[in-house]
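> Have a look at the structure that comes next, please.
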Amino acid sequence: MKITKMAIGSVAALVGMTGLSFADPDEDSLTINGDISIVTETAAPAHAENLSTIYSGWRFRSDETQAFQMDDFDNPGMIGVENATVDWETVDGSAGKSCSSCHGTPEDMAGLRAEYPKWNEEKSQVTTLEMEVNNCRENRMGAEKWKYTGGKMTDMIALISSVSRGMPVNVAIDGPAKETWEQGKQLYYTRFGQLELSCANCHEDSYGMMIRADHLSQGQINGFPTYRLKNTKLNSVHARFKGCVRDTRAETFKPGSPEFVALQLYVASRGNGLSVEGPSVRN
Amino acid sequence: MASGVKPRVKVPKKASVGETITIKTLISHKMESGQRKDDDGNIIPRSIINRFTADFNGQNVVDVTLEPAISTNPYFQFEAVVPESGEFKFTWYDDDGSVYDTSKKITVG
């Protein structure tokens, strides 16, 4: 009896092993414009207790898709960055200010993308870059808010992200942000929808496997905003979250909602150590 | 009328005699196929870039007809052996009659 059990056990181990070799991301390394080295693989931070190594989603894509991101001219996401460079200088609203009136050049924003979402002392909450942009627009410029996942907003986040490329993601999860982070973690492991799937079911338990025709990544968000070949535009983190939750056949949270902000902080923290890549290119 | 149309090209500034250079071109354009319908069921009119040309020192070297199946932001990459110093001129023709062009100089030697 015991022998049979062991035999079954070893068969299961074999299946598991073939599964694992299939699950490996590829071995390619990423340098943008022959200049910016991107860390696409590193040891998982201690608080991502179920992962040993973290990988950028870039490593799970085909060579052709990967190539898009290696040169800014080939990266269609840079069109959004260019558009945002114009918006950066454009005066809007009753205060007669543009982004550059206070913030100088986009390059002065280097490092921001790596730290957000971040605790905002004044607002007593964790805020995202999108929230900060709209805070500036409403309260400092006297301009209309931008739609949270709209084109102009996502382009602007791509611009702010592009000047931080190569810097390691390093969001703070302690201190006042801890409570939000805990909430995000809980959401990450909660099963939603008719399919009863949590984020972890796909992106932690099953990354590297095929979900129909797609190679499942760890769901890292260091590459956002992401230019997706399937919809030929830059996609924001919350728009992607919404798509994922929808695919579990659940009612989704709204982009910009406290739930998604918490989830974003938690998911970002799982990528602490990977390089900022946005705007990245994925399928 | 397509909005946000902007041509971009990448041509090396210098090349040696007989060298094969790579030229990359991209124009941001939504390339509306004319096959899609809006929320009310009306057909969204076709609006695409229908022709792309590249000239070197006034002589045509590339002439492409684009069809509606070509997706957003058409990208062309091609190779060239440049015989002499001069100027590349790239031209895109829009369905709405607009013509977009941009030029790049290259030094050979």
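Note: Cβ is positioned from N, Cα and C throughout, glycine not excepted.
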> In TrEMBL, the residues A:C99, A:C102, A:H103 are said to bind heme c 1. Which of A:C136, A:C199 is said to bind at that same site?
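Heme c 1 site check in TrEMBL: besides A:C99, A:C102, A:H103, the record includes A:C136 out of A:C136, A:C199.
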> List nothing but the largest Cα to Cα distance in Å, as a whole number, among the residues A:C199, A:C202, A:H203, A:C244 that the record says bind heme c 2.
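Maximum Cα-Cα distance: 11 Å.
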> What other residues of this chain sit with their CB within 8 A of the center of the CB atoms of A:C199, A:C202, A:H203, A:C244, the recorded heme c 2 site?
A:L197, A:S198, A:A200, A:N201, A:E204, A:G219
> Taking the Cβ of A:C136 (heme c 1 binding site) as the centre, count every other Cβ atom within 10 Å, in any protein chain shown.
16
> With a radius of 8 angstroms around the mean position of the C-beta atoms of A:C99, A:C102, A:H103, A:C136, what other residues of the same chain does the heme c 1 site pick up?
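The surrounding set, listed in chain order, is A:K97, A:S98, A:S100, A:S101, A:R140, A:M141.
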> Nearest to A:C99 (heme c 1 binding site) by Cα, among A:H203, A:R240, A:C244 (recorded positions)?
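That would be A:R240, nearest by Cα distance.
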> How far apart, in Å, are the two Cα atoms that lie farthest from each other among A:C99, A:C102, A:H103, A:C136, the residues recorded as binding heme c 1?
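The heme c 1-binding residues span at most 11 Å between Cα atoms.
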> Closest to A:C199 (heme c 2 binding site): which of the recorded positions A:C136, A:R240, A:C244, going by Cα position?
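Going through A:C136, A:R240, A:C244 one by one, the closest to A:C199 (heme c 2 binding site) is A:C244.
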